[in-house]
Amino acid sequence: MVTRDDILGSMKADGSRVRLQPADVRGRFMNWRRAAFTALIAFYVAGPFIPVGGHPMIHLDVARRRFYFFGQTFNAQDFWLVLLLALVFVFGLLLVTAWRGRVWCGWACPQSVFLEGVYRPIERFIDGSREQRLKLDAAPWSPLKVFKRVSKFVVFLVVSAAIAHTATALFVSPRELWLMINEGPAEHLEAFLLTVGFTALLQFNFWWFREQFCVVLCPYGRLQSVLHDKDSVTVAYREARGEPRGKLVKLPTLQAPPRGDCVDCNRCVVVCPTGIDIRKGLQMECLACTACIDACDDVMDKVHRPRGLIGFASQRELATGARKTLRPRVVVYAGLFVIALVTLLVSLTLRTPFEANVVRARGAMPFVVDGERVTNAFEVHLFNKQPEEAEFSIAVRAPAGANVVVGTPVLHLGSLEDARIPVSVSVARFQANTEFTVEVTDLTSGSVRQLPMRFMGPTSAQRSSP
């Protein structure tokens, strides 16, 4: 038989959804969360609009396969760095989950950041406190209710559109986005439809879907059951201290029955954004948002009892009082995270400001014999990966007596521009099948690339034949 304890906090017994209206909460954890939300939202909004090195701080130009991050430029050939970055994120998430549970969900996930940091405050400003919102939900339709619903929907829509346009600016740059807006949707239909679609998705999510994304759609909540163990520190209710729970009563003449510190005020439940009762133990829906900790600490202060009835603790700590931080799971995740991070940092440090390759000229013979001399034709492929224009020189280190012709010995390339420079090398027949070096120098940064190449000529049998 299915009991109420088996049902999600955001659902009724018949399977229909409960429209959650979490109460506002104040406390040290909420202050830290607001600071984290502010920093993350500021970073997201500022990313496409703050110029660094002549380009947006973050710009993902997928159409041209060019990417800008904090003054550094990348192209499609640097995609392997994205894989390293993904590994850093994945191993970091595994480590944090094994150590502190779902703190990513409650503190850094965009769903929580924008819902709790932007949309929920707007809702409280328009509809009022939790009690006022519940009363408004239950009230029949009236001019005031229509006004509040329409006002909130319009404000949500404006915010969703602003977020969607900011996301679009990540891919097309703010300047191009402004031109698109001025020229109208007809001239940029694809970008317009993508922005409208993202706006609609955000509006649906933050107006109606909300916590269902975390509880139903996101797989991370289920993944945590694999990543957790008895020593994972999560938000937990200290049952040994809180039970048996009971309301505060004054019995001046009777002996009060023994009770725990929990006064059964239900405050920890009404502040939860997913509607769970933390006193039932570790649950998949818990986002580690710490709202219940602040709410319970506030109640404990009022009833003059110690804080910490709800706090961070592992299952082992709740049972035995001992906490074990270092364990094989954490060590492995930490090791993988450090390896991935160091590899990424070293790769970025050793990354050259330009790419250069030398290949044989397309459509040309491998070599051309003209009397006693042999000629090879090559092409130097040069790509400037820097965020600004750079000047390059091309020189050939060939054996003595070689004749070298470089199409453009000195050239300028703009950011992420490339060029093909023809090179012709002619040597005596007896010097054929030797090696030489093409030296490409970035005159702006002083970086040098040495490109070895083998000269091709007739074989010894061919050279001795009449």
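Glycine too: its Cβ is placed from the backbone N, Cα and C atoms.
Taken from TrEMBL, the feature domain '4Fe-4S ferredoxin-type' applies to 250-281.
TrEMBL lists 36-59 (among others) with the feature transmembrane segment. Tertiary neighbourhood of the transmembrane segment (36-59): same-chain residues 66-73, 107-108, 110, 113-114, 116-118, 166, 169-171, 173-174, 387-388, 415, selected by CB-CB distance under 8 Å and a gap of 6+ residues from either end.
Sequence annotations record features per position, and here TrEMBL assigns transmembrane segment to 79-99 (among others).
Long-range Cβ contacts of the transmembrane segment (153-171) within its own chain (Cβ-Cβ under 8 Å, at least 6 residues beyond either end) map to 44-45, 47-49, 56, 58-62, 114, 118-119, 122, 126, 177, 191, 194-196, 198-200, 202-203, 206-207. According to TrEMBL, the transmembrane segment annotation covers 153-171 (among others).
Look at TrEMBL and you will find 191-209 (among others) tagged as transmembrane segment.
Here TrEMBL flags 330-350 (among others) as transmembrane segment. Proximity of distant same-chain residues to the transmembrane segment (330-350), defined by a Cβ-Cβ separation under 8 Å and at least 6 residues beyond the stretch ends, is recorded for 72, 81, 84-85, 87-88, 91-92, 94-95, 98-99.
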Intrachain neighbours beyond the transmembrane segment (79-99), with Cβ under 8 angstroms and 6 or more residues off its ends:
223-224, 227-229, 232-233, 325, 329-330, 333-334, 336-337, 340-341, 343-344, 347-348, 351
PLDDT averaged over every residue in the domain '4Fe-4S ferredoxin-type' (250-281):
84
